[in-house]
């Protein structure tokens, strides 16, 4: 059966309306169809998938760095006995830097009530801050956040944050269990990974909210503003 035969004919009363006319809001209106096609070309939906890939690449790079650090630490510890043959030998510059890095990474912020808020160590805070800055840049650096008309397609900011939230799902699952592959390949205990797991959960929630709100905000607010300005 010819699919074109099942499609209703275009409404002749709206075909030649200008885009500023409120009735020009479907593909039956030539101006609307052209504007929707232009919007799709300028901000293609498929192009937003790169943000989900970037989020995945980001945490894969972080995991790779922790694996390298774990291998180096294992190698260093196995050779510690041999390096202690001369007890009077002063620590090398590398050992001093390693000790300083551990001292800084493991320190915590202490203030009245800090135990209630479960503030993580400086190392975890630095990782979280870098993650938040990266995801915020992916979310807000690219404009426009919305399309000129909500019927042109999904808001770009909603699409990319939804894909980034979806990209967080594998790492959330990997961090969830006590016996997990990340502990095996990084040497980080489940207790420490659980802190990261909770924060990744919060980050995923925020991304999901940023994904959802534009679908509610754009039709009600931007469409009304478009009509009020006659554009």
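Backbone N, Cα and C atoms are what each Cβ position is placed from, and that goes for glycine too.
Note that TrEMBL annotation is computational and uncurated.
Checking the ranges 88-112, 163-187 against TrEMBL, the transmembrane segment annotation falls on 163-187.
Counting residues 6+ beyond its ends, the transmembrane segment (57-75) has Cβ neighbours under 8 Å at 127, 131, 134, 171, 182, 185-188 in the same chain.
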